[in-house]
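Everything below concerns the one structure shown next.
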Amino acid sequence: MTEASEKAVVRLDEYDRHSDIVAEANVKDITSAPLGNVPSEIPANTTPVEVPDGGARAWLQVLGCFFLWFNLWGYTFAFGTFQNYYEQQYLPTTSSSAIAWIGSIQSFLLIISGLWTGPIFDWGYYMYLIYFGACLSTLGAFMLSLSDQYWQIFLTQGLCIGFGCGALFIPTMALISRSFVKNRSIAVGLCTCGAPIGGILYTVLFEACLPKLGFAWTARVLGFFMLGTYCVALPLLLLGATNTKSLSTGKKRKLFDKAALKDAPFWSYSGVTFTTFMAYLVPYFYMPSYAQSVLGQTQARASYTLIASQAASVPGRMLAAVAANYFGVMVAWTGCAAISAIVCFAWMGVNSYAGFVAFCAFYGAFSGPLVPLPPSIFPVVCPDPKVLGTRLGMAQSISSIANLIGPPIAGAVLRASNPDGKHFVGVQLFTGLLMALGSIQLMFLWRLLHTKRGTKFWI
């Protein structure tokens, strides 16, 4: 990384100290990848903000955040097993598309909540956000046990858990970013690994408890698990922490930057994330349904496909981070998107359970990095730190809409092209084509950054 790049990253704290984290990875992870040349419009009179760099207490915060991610994204990644159970038994008269709205609204709220939690964090009210989010998401998990109609499940699992996890998302990651400089990307990467591991644990718990306890008590067990992880995570994150002083910046943060509407790299970046995110969650939501409906597997064996995908996602994210560090973020991002597209098209040729498990593992390994990699390149897309947090929030708001509508559209495609429930070609083409289009858009963005931002080609 060049000296100018390092200064640019440090100065992000001066303008958007904690509100620039709106996705699964901190935008400051750019410190782990070569940036090329950063334009020189950054003010020269800014003073770098002192940030503590590591230490035992900071790594305990990472452990606490790791446990929090069990719930933040882990519950969403486990939704495929809920989707299959609702379709087959609990809500048999409800369409796949309608059921998918429950999981997609949850992921949508998790991301879009950054628009209001970021400014609240900047005002110094991080503690209220964290406790509010933990209480609301736990309440939603327990109230799910009392829900037996679609609208009740939508309110509890979709809205309540979605808003609760959204309130936790930015504050927890922002606290981690305040504790590290050199090892920030490693710390954030370890935190995000809690998401696939949480997805595995929630899936295993659901399938282990459901036959013995029924849905109501299974939902309560998941609620107790969520409560337990919060009881462990919050003290690790907050008690005795030294990076929670003087959080308030005293500045109002803009939520919208009109100049971004005339910026080609911004629109190109937003287009890439919108396209890929529309496809991203679809296989995760429909893996168990495919295994049970098409391959004739039991509900338990069908859910193992989710476990395979999430287990493969952990090393996939780590290897992608290493590749981004050595070869550039755009290389890793484009490669993961292109291989994900190929894997989705290969899904059409799968006709055995073993082959499908292999597909799930490959998809998990290569699609997992598609969430943490994009924010790592955003300081190149938007080199002005004064509006970096605002523009990233705008871009992530656009991609959150894709998360919201992608799985329900896939469900509608499935219903229209698959009356007997035995053919998923429409869903397979839907995800494969979107991923392929995203890969093409990525090459255009790559070229645009090289020509418009003056960066090196390998960034």
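Glycine residues also receive a Cβ, built from the backbone N, Cα and C atoms like all the rest.
The transmembrane segment annotation in TrEMBL covers 58-78, 98-118, 125-144, 150-174, 186-205, 217-243, 264-286, 323-346, 353-371, 424-446.
Counting Cβ pairs under 8 Å to the transmembrane segment (323-346), the top-ranked stretch among 150-174, 217-243, 264-286 is 264-286. Listed stretches 58-78, 150-174, 264-286, 424-446 were compared with the transmembrane segment (125-144); the greatest number of C-beta pairs under 8 angstroms is found for 150-174. Taking residue pairs at least 6 apart in sequence, the transmembrane segment (58-78) and the transmembrane segment (186-205) share three or more C-beta contacts under 8 angstroms. Most Cβ pairs within less than 8 Å of the transmembrane segment (98-118), among stretches 58-78, 150-174, 217-243, 264-286, 424-446, belong to 150-174. Tertiary neighbourhood of the transmembrane segment (150-174): same-chain residues 18-19, 21-22, 26, 64-65, 68, 71-72, 75-76, 82, 86, 91, 94, 98-99, 101-103, 105-114, 117-118, 121, 126, 129-130, 132-141, 143-144, 188, 191, 237, selected by CB-CB distance under 8 Å and a gap of 6+ residues from either end.
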